[in-house]
């Protein structure tokens, strides 16, 4: 991940043939062999990614409940989307969720990684504890969240009550419900962020830190001007992963809040699911999916534009 | 050992081979396996252990009588209808599947089900109650059989009610509390409860929002006209039902997190002793019996102009292109015979749809003394009520009910605005 240099033993390019053909003997055969090896993957990607994507795009131009032939309606679903307040609320919630969860889970992950990269006693145990949530499925995580944030009999309000503090309406207050989704997600995602940062930290040459120390840099300066820049590729990878995950969030919201109260936690994927499988307005649901795809593509495009520099240390 | 490029490519090819072969072979599903069973019936359902045991018993006796195979495909409820829809879209549906009455119309209205009229024996309809038979009709023809029903009554915590001085509860449907009496009892219970506890919670979460319609029916209202297209909720009865149920929240009689879009179910709130009373169907009886360590009983839900209830439960339907409609019809006939239905309902704690079983009564295997409460309440469902829920647009109407009632209950929107929003939303849903 931290290097783009090729170290393989690829032979130097063959000189051009004197007859001007410009191809070395056997090149066509080698290309065919290459495509032959690629073919299984292309078939799989084509069948399970490209065809469904094109199908969804076609569905977004139809009015259909999924049974029989749909009716082609052109851009009607897209126009409806533009004037649908719940869609815009879902967009706002999705962006807000992304903007909060991405930096927060990275900051917590970095903090934990720095702590667990030091000479902390029992650090192997702490590392395992932090990584454990990664092994739990999203639905199970959300069910744990329900036990914690149930506002009648949940653990969170029980603790607040025991401390003599006012309880929080985790399920009937929109802001608190959104906070509960964020908190459960952070619990789930911090371990992954820590793992990536821990790997990045262990790849930093100790001599660099030592040199900075000899140059008179204090702990904060060493962290800010040596460690953080050296973690550039890890941070870049985590930004991409966290943003993509946040845009696709579904299971936590679906189980923990169901999108409520009053759409306070509805996100794009839960809204698409409701339209597709509850209302059975599958054309409209596909339209939301296509918009989500376009946003993801836009973000991926930005990533490609910046990746040439951001994928290098320093 | 350093790898040469040739070795790497070879290894990659070997690694990819299983995927390529898998792609060529296609993926098999349980549905595929089942549909290859020529000459038999494929039957997809979800169910509790008790329900599946009931289905298996009925299948065994049918197989013995007919010599035909019935392949039972049990799937989790959460996957049931995405699976069925995908199979219908792929042209590979099961012959028979189980469907809630409020979802029945979505399939019947889209011409996905078999019209059973020519395949059922003469007088077949007479075995069912009128409200049950009405729930499986589309334009006057049966597109399924009512397999069982369920309806909500009040389950109450005896300790919490007696602590509030409520010494007795109605013991017959004629003596059911009026809406006003129910409010009075609730307020009295509230006065005796500590902070963080409420008199009751209503079971309208999730798709249970159709149970809100019981209040509308009790006020003698409708949400659809007989044509099942024209919205009929903008009425005095509609406004009365919205105002009364909104009052549960404004008067702090129910937990704030028990609204129609809450992810917490009323039963769980009652289990944790946060509420004294809980509206629930008979299906909850076995679970409550094994879970609860406080004494509890059942009584009738309140009545207004009349008693009413939700026509819960499920129908069995056949898909329109079944290979042997006659065999499928005989299967549907068999599973709704008196003996099969009685075994199923007694074991799974559900209510029969046969008029003779309603008449003679049924003994639940668990808490049999509660069965009469549920049976009397189920009889209060009128055919006109269950017929509306069979609307082909019910899936979209459910979403309208959830959104608009949530705005009234949690968002504080006024009664008139809510009734108008419900009316226009239902109109738009049926026009799609």
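Backbone N, Cα and C define each Cβ position, glycine as well.
Automatic, uncurated: that is what TrEMBL annotation is.
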Range among A:225-247, A:248-270 that TrEMBL annotates as transmembrane segment: A:225-247
Feature region 'Disordered' in TrEMBL, mapped to one of the ranges A:1-26, A:27-52: A:1-26
Closest-packing stretch to the transmembrane segment (A:86-116), where packing means Cβ pairs under 8 Å, from A:32-59, A:170-188, A:225-247, A:283-302: A:225-247
